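First up is the structure itself, then whatever we jot down about it.
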Amino acid sequence: MTYQLDIPSDLSGSDITAVFQYLDAQLNTEIVYAFLYGIYTGIVAVTLWNIFTFKSQPIGRQVMVVAIVLLFIVTTINASFNWSYISSGFINNGQSFWSKYSVLVFSENIYLGMGITGAINTILADSIIIWRCWMVWGRRWLVVLPPILLLISGIALKLIDTYQGYTTGSDDVLVFVLYLSFTLATTIWCTTLIICRILAVVRGSDGVGGGVGVYRHVIEVLIESSALYSVFLILLMAFEVRGDWAGYYVDAMSGIARGIAPTLLVGRVATGHSRSEQSWQGSVMSSLHFGTRRFRARDPSSIEVETLQSVGINGDWEVERGEMDRHTRSRTESQEYYPPSDVTLQDDLEAQSESVDDHNGEPVGHTD
C-alpha cells in the first residue's frame, strides 16, 4: 500500500496536535506493553517451574498448564504484531510525523492480526474460568450457559470491531464497549458462582473440614485473580467512552492482565500460597477423600474436597498430606512393639486375681 508521506498543507494546529498525541500514545503504549510482557514472561516461567517440580499432576492441573501456555503463546504473537506495527511507523517510515501517522493508521493487515490474536486470548481466558465454574458445579451446563452465551456474543462483537477497523480504519466505540461489558460479565458471573459453590459446600458439611475460615485464602486467591482483570476492563470502558488517550495504556495493561490473572492463580496454588499452613492442621482434614470425579450421595467432606479440586487448588494439600503420612510412619516405627510372653501374661492374671480377692468381689477398672 502507498502511504502519503507529504504533509498536507491544509492541516490546522489542532489537527497537528491530535496527530502528535496519537503518535505519543502509540509509542508509549508499546513501551508499556513490552515492559509488562517481560513481567508476564517471568511469571509464566516461574509458574511452570513450580508446577513441573511438583510430583503429582492432577487432570485439572494439566488442563490449566495447557491453557496458560496457550495464552502465553498467543500473547507473544500479539506482542510481535504490536512491535511490527510500531516498527513500521517509527523506524521504517519515520521521515516526518505525517508519514508515521499515515503508516500507523493504514496498517490494515497488522491491525487484523492484532484483533484476531486478541479475540483468541479472550476465548482462552474466559474458557478457563467457565471450565472452572462448570467443574465446580458438577458439570451442570445450565449454570455455565449464560457465560458461554456472553462469551460468544463478546467474540462476535470483537470480530465486528476488528473488521470495521480493517475496512474503514475507524473504531466503533459502542461495539467495543459492549465487547468489554460481556467479557467483564463473564468473569464476574463465573467467579461469583465458584465462590458461592465453595461456601455452600463448606457450610453444608456441618463443620467437617474446618468451616469457611479454612478456605478464606482460597476465596481470596479467586477474587484477586478475577479483580486483577476486571479492574482494567472497567477502566478501559470508562476511558473508551470518554475518548481519553489513557485508554491506550489501559488497553495494553488489560491485554497482559488477561494472561497474568489465570497464571498467577495457578502459580500461587503450585507454591502453596492459596491457604495458611494452620488451615490444614488437625485430624479433621485427614478424613477427606481424594480422587473422586462425580457428585454422588456421599459424605459432605468428600464433596467439599472435590469442589476444591475442580477449582484447581488441591496441589498444596497433597504435599501437606505426604508430609503428614511420613510423620505418622516415623512415629509408628519409633515405637517398637514387643508381644507379651506367656510368663508376663500369667503374672498379670495372677495379679488381677489377687486384686479381685482384696476388693471382695468389687469390679476392677470401672470408670464413672
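Cβ coordinates come from backbone N, Cα and C, glycine included.
Copied over from TrEMBL:
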{"type": "COMPBIAS", "residues": "319-334", "note": "compositional bias 'Basic and acidic residues'"}
{"type": "COMPBIAS", "residues": "356-368", "note": "compositional bias 'Basic and acidic residues'"}
{"type": "REGION", "residues": "319-368", "note": "region 'Disordered'"}
{"type": "TRANSMEM", "residues": "31-52", "note": "transmembrane segment"}
{"type": "TRANSMEM", "residues": "64-86", "note": "transmembrane segment"}
{"type": "TRANSMEM", "residues": "110-134", "note": "transmembrane segment"}
{"type": "TRANSMEM", "residues": "141-161", "note": "transmembrane segment"}
{"type": "TRANSMEM", "residues": "173-200", "note": "transmembrane segment"}
{"type": "TRANSMEM", "residues": "221-239", "note": "transmembrane segment"}
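Sequence-distant contacts of the transmembrane segment (64-86) (same chain, six or more residues past either end, CB-CB distance under 8 Å): 26-27, 30, 33-34, 37, 40-41, 44, 47-48, 51, 104, 107, 110-111, 113-114, 117-118, 120-121, 124-125, 127-128, 255-256, 258-259, 262-263, 266, 312. Within the chain carrying the transmembrane segment (141-161), a Cβ under 8 angstroms from the stretch's Cβ atoms is held by residues 115, 118-119, 122-123, 126-127, 129-130, 133-134, 171-172, 175-176, 178-179, 182-183, 185-186, 189-190, 193, all 6 or more beyond its ends.
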